[in-house]
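Here's what TrEMBL has on this protein:
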| type | residues | note |
| --- | --- | --- |
| DOMAIN | 24-285 | domain 'NADH:quinone oxidoreductase/Mrp antiporter transmembrane' |
| DOMAIN | 286-337 | domain 'NADH dehydrogenase subunit 2 C-terminal' |
| TRANSMEM | 12-34 | transmembrane segment |
| TRANSMEM | 60-80 | transmembrane segment |
| TRANSMEM | 92-114 | transmembrane segment |
| TRANSMEM | 120-141 | transmembrane segment |
| TRANSMEM | 148-168 | transmembrane segment |
| TRANSMEM | 197-218 | transmembrane segment |
| TRANSMEM | 238-261 | transmembrane segment |
| TRANSMEM | 273-299 | transmembrane segment |
| TRANSMEM | 319-339 | transmembrane segment |
């Protein structure tokens, strides 16, 4: 009981910290919100039964504390540069602030802590790290919007996110590199419009939630578990890999819709080189998702079925199948809705 109540308390404080950052009108207020968010998220990460989670929380604290220190120092320098009307120092400090925010969000080339840390987390904590913890840094990045640095980060994020996931057997690392790739798309949408970024983020959060929800129910952490489980339930196996393809952005699934919007807007802004790189990186991510799906459908291992039977009798499975329906047919339903209007 105490554990659950403390969890609710820290989750509430974490949400408040993010809201303080998003609504603050100064860099000092934003820094304060980020610190509240950080200090409330670390107790959620640590678990006495798992040494990996303790290591992950320490890694998270060190990287975020470094970023927060530099952010505080840079925001003070920025205030001094504004008072002295020094444009050179102002642009330089803005670039440093942007770099610290990219480090906080886990975007390339400041992504090195992200996959290693994901490996030590539970699925629910990993989901929070991939979704909620990105809101505050990305909102602050949208206030700066330094095109050159943002462009470099977008290109590196989509390439590293695609290539890094090729040889992964751990599902958490696979989701981490997928998150880096999607972060590249989100940063590119920030260059165009905040509303498109918000749409992309909502769809990405939903698709990530569907997959992590499934992994959490059946305690899946490695690719070989996907091949050996779901032998008796073809519907669950099929739905899981359709969700993978939806997250990758394959049409006609729901995950294609936010990518479609970003592609359309980048085409209107004549960003053809960037768009080509992003689409090629997405094809690489779809390649390894399809490779997983193909292997899982072709290979069947009749092992661990008693664990499968134990978990099948829960209402969570029905909820997962309902969410999967929206993940697969969501684009069709949205198109039908707008057609009827």
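Cβ coordinates come from backbone N, Cα and C, glycine included.
Bear in mind that TrEMBL entries carry predicted annotations, made automatically and left uncurated.
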Segment confidence, the domain 'NADH dehydrogenase subunit 2 C-terminal' (286-337), expressed as mean pLDDT:
76
Any contact between the transmembrane segment (120-141) and the transmembrane segment (12-34)? By contact I mean 3+ C-beta pairs closer than 8 Å, pairs at least 6 apart along the chain.
yes
Any contact between the transmembrane segment (197-218) and the transmembrane segment (92-114), i.e. 3 or more CB pairs below 8 Å with pairs at least 6 residues apart?
no
I need to check the long-range neighbours of the transmembrane segment (92-114): which residues 6 or more away from its ends have a CB within less than 8 Å of a CB in the stretch?
27, 34, 59-60, 63-64, 66-68, 70-71, 74-75, 77-78, 81, 133-134, 136-138, 140-141, 144, 146, 149-150, 152-153, 156-157, 159-161, 176, 179-180, 183-184, 187
Is the number of Cβ-Cβ pairs under 8 Å between the transmembrane segment (238-261) and the transmembrane segment (12-34) three or more, considering only pairs separated by 6 or more positions?
no
With Cβ distances under 8 Å as the criterion, find the stretch in 12-34, 60-80, 148-168, 319-339 that has the most pairs with the transmembrane segment (273-299).
148-168
Restricting to the same chain and to residues at least six past its boundaries, which positions have a Cβ under 8 Å from a Cβ of the transmembrane segment (60-80)?
27-28, 30-31, 34-35, 38, 41-42, 45, 89-90, 93-94, 96-97, 99-101, 103-104, 113, 117
Residues sitting near the transmembrane segment (12-34): Cβ under 8 Å, six or more positions beyond its termini, same chain?
40-41, 44, 64, 68, 71-72, 75, 78-79, 97, 104, 128, 132, 135-137, 139-140
